[in-house]
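Asks: Under the heading transmembrane segment, TrEMBL lists 16-42, 54-75, 105-127, 139-157, 177-201, 231-258, 264-285. Among the features that TrEMBL reports, domain 'G-protein coupled receptors family 1 profile' is placed at 32-280.
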C-alpha cells in the first residue's frame, strides 16, 4: 500500500502544478483573445472578411473558456491538499461545463478550417464560387450541435459521486462518457491530421512551382487568411489534436491519464488558444497594430508647413 500512497501524493503535487499553469494561461488566453475580439468589434474591414469568421468564433470560444473555467480551477486550487483531495462533485460538474463544450467546438472548427483550405487548394474554382459566410456558419452550427450533444451525454450518463485524490472533471464523469469523449475527439483529430497533411503537401508542391496560385489569383485578404489558417492548424495539431489522439488511445487501454496529470484537456486548450491568438495577430499585424493618431500627424505637417513658409519669407526680405 505504501507505493500507492506515494503515487497519490506525487499525482496531487503534479495536479497542483497543472492548476498554477492553467491559471497563468487563463490570464494570457483571455488577454490575447480579448484583444482580438476588440479588434473585430472596432474594425469593419475585419468583420467583413468572411475568411476570418471561423477564426473569430474560435477566439470567442477560447476567451469564454478562459473566463468560464475560472470558478472551476480556482475552487480546485483553493481546496487542494497534499495527501487527500475531496471535491464536491456537483460543483465540479457545473463549473467544468465550458471544457467539453469548447473542446468539441475547437476540434470541429479545426476540421472546418482544414476542409476549407483543402477546397481552396485543390478546387479553386469551387472555392471562388463558395459563399464563405455560409460555409463558416455551417461549420459553426455543426460545432455547436456536437458540443450540445456532448453536454447532454455529460449529464445523462454521469452519477454524482465523490472521487478522492482526483482533481479534474475527467474523474467525475462516467466511464461511458469518458470513452465517448476520448474516441470522438480522437476521430475529429485524425480527420484534422489527414486534411492538414494534404494541405502541407499541396503547399510544398505549389512553393516549388513557378508562381504560386494564391499569389496570382488570391487577394491580400485571401493570402492573410491562408497564413492564419495554416498557422492555426499547426497549433491545433500540436496542442489539441495530438493530445486528443493520445487520450483516446490511453482510454482504450483502461488507464485514466486524468488521475495522474489532472485537468489535462484544460491546459492543452488554453495553450492552443494562446498560440492561435498570437498567430492571428502576427499574420495580420499590418491590420491589427495600433494606428497612430491622425491629429498628431496633421499637427506636425502644419508646423513643418509654417516653418517652411517662415523661412521662405525671411529669404525674400
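For all residues, glycine too, the Cβ spot is worked out from N, Cα and C.
Quick one: where do these features end up spatially?
Replies: Across the domain 'G-protein coupled receptors family 1 profile' (32-280), the model assigns an average pLDDT of 83.
Counting only same-chain residues 6+ beyond the ends of the transmembrane segment (105-127), those with a CB under 8 A from a CB of the stretch are 54-55, 57-58, 61-62, 135-136, 139-140, 142-144, 146-147, 185, 188-189, 191-192, 195-196, 198-199, 202-203, 206, 213, 217, 222, 226, 229-230, 232-233, 236, 240-241, 244, 269, 272.
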Asks: Mind checking which residues of the chain, 6+ beyond the ends of the transmembrane segment (264-285), have their Cβ under 8 Å from one of its Cβ atoms?
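Replies: Same-chain residues near the transmembrane segment (264-285) but 6 or more away: 18, 21-22, 25-26, 28-29, 32-33, 35-36, 55, 58-59, 62-63, 65-66, 69, 73, 99, 102-103, 106, 168, 170, 224, 227-228, 231-232, 235-236, 238-240, 243, 247, 257-258.
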